[in-house]
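As given in Swiss-Prot:
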type	residues	note
BINDING	Thr62, Asp137, Glu197, Lys227, Asp231	substrate binding site
BINDING	198-200, Asn232, 261-266, Glu284, Asn319, 340-342, Asn385	NAD(+) binding site
Amino acid sequence: MNAVTDKSVADYIVADMALAGWGRRELAIAETEMPGLMAIRDEYAASQPLKGARIAGSLHMTIQTGVLIETLVALGAEVRWASCNIFSTQDHAAAAIAATGTPVFAIKGETLEEYWQYTHKIFEWPEGRHANMILDDGGDATLLLHLGARAEQDISVLAKPGSEEERVLFAAIKETLGRDPKWYSTRLAQIKGVTEETTTGVHRLYQMSQKGELAFAAINVNDSVTKSKFDNLYGCRESLVDGIKRATDVMVAGKIAVVAGYGDVGKGCAQALVALRAQVWVTEIDPICALQAAMEGFKVVTMEEAAAHADIFVTATGNYHVITRQHMEAMKDQAIVCNIGHFDNEIDVAGLENCQWEEIKPQVDHVIFPDGKRIILLAKGRLVNLGCATGHPSFVMSSSFANQTIAQIELFTRNEAYTTGQVYVLPKHLDEKVARLHLKKLGVKLSTLSKQQADYIGVPVEGPFKPDHYRY
């Protein structure tokens, strides 16, 4: 891997700075499709609410993320950035942001060792300063500081890695502690809070909070309605098949496609596949989600039942070993297997290590079993839409990232209102604000309640219009 570091600046690592011009042109296009972020820039640029914020960002380094980064900077923040996935970086986006002077450490196809090196670098600020905010996706940046601080007190927490990724992470922490025995606790003490982007990271935060281990306040961005019901659903509805088709050129129509998990992400995936006239089967553990899938006309089965019959498999659960080695051994020759959940362990990729691997092209592999049968594994079990394509469209990411920006402002400027160790969601009026910022772009014209109508249903004329417990 030929990473590029500018010797005069030496505070970024990207694949090729010559790609910066291309990245800048795509950023300009993305800005026209991200009205929420651009409106927030206009609203807050003068007041600079993030002045003094030093944000350590760990989120897919895409063009859309570039617009987020430049919005945070426009509002006064200083930012250091790494990707939260080894395959999700768009190298031209990383170069374009690095060219502006914002430190970026991200390369598409980086190794696990490089991944954790780069995640450490977002906490290595010059002149003895430290990050005071985290913007996270999947929770790795948050995990790094907490686990490292625990290891300072008890190195045995690093004794038994449960996966290759943990082995690399634990080694990186040990190496860092060898240089500075207080590296993690020093930085952890400076953090005011974290805003977390995705389901998996939010799950981690709630676990840490319940155990009394979370060292700062957190805002759960994922469960804002304008994130989970848009990014997770509509974003995946477009980006899943983009990734599958770029990787394989497969004809989806007529195929049997299995979607594991029928949450918001799984719903979007199922809608996309059925729109291309696949026969969609769903696997579920939750009776409510299973009933929803059945009522939409999908066949709900077990993975054991589906394995031998389907042509395309998509995991969307956020769980562990949803597709096992045994399942894959039962699959058809040339079955396509991919994941759209955050981590790579939804598919038991580690269980395939003793199979023969044949790279077809980057992020597309034949896995050949002893009997000669092959499956096509996409993105090595990591996010297919970002590993094999470019992720969600700009418009839907504007909604997600508007939530992230507002959450950063909330947590930084009103930190005393958020209790250390607790996880919060943004209030309803801010969720509705994010939605409003995107209506004009789609030509939407809202109706307005009269005072009498508002009184009749017991809401303010200007909203919020739904109670917090309302399920959209």
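Using N, Cα and C of the backbone, Cβ positions are placed for all residues, glycine too.
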Task = Could you check which of the binding-site residues (Thr200, Gly261, Val265, Glu284) sits closest to Lys227 (substrate binding site), going Cα to Cα?
result = Val265
Ask   = When you measure from the Cβ of Glu197 (substrate binding site), how many other Cβ atoms are you left with inside 10 Å?
value = 27
Task = Using DSSP with the three-state reduction, classify Glu197 (substrate binding site) as helix, strand or coil.
result = coil
Request  = Would you pick out, from the binding-site residues Lys227, His342, the residue whose Cβ has the largest number of other Cβ atoms within 10 Å?
outcome  = Lys227
Ask   = For the binding-site residues listed here (Thr62, Thr198, Thr200), which one has the lowest count of neighbouring CB atoms within 10 Å of its own CB?
value = Thr200
Key: Cβ-Cβ neighbours of Asp137 (substrate binding site) (radius 10 Å)   = 26
Query = In which DSSP state, out of helix, strand and coil, do we find His342 (NAD(+) binding site)?
reply = coil
Request  = Express the distance between the Cα positions of Glu197 (substrate binding site) and His342 (NAD(+) binding site) as a whole number of Å.
outcome  = 11
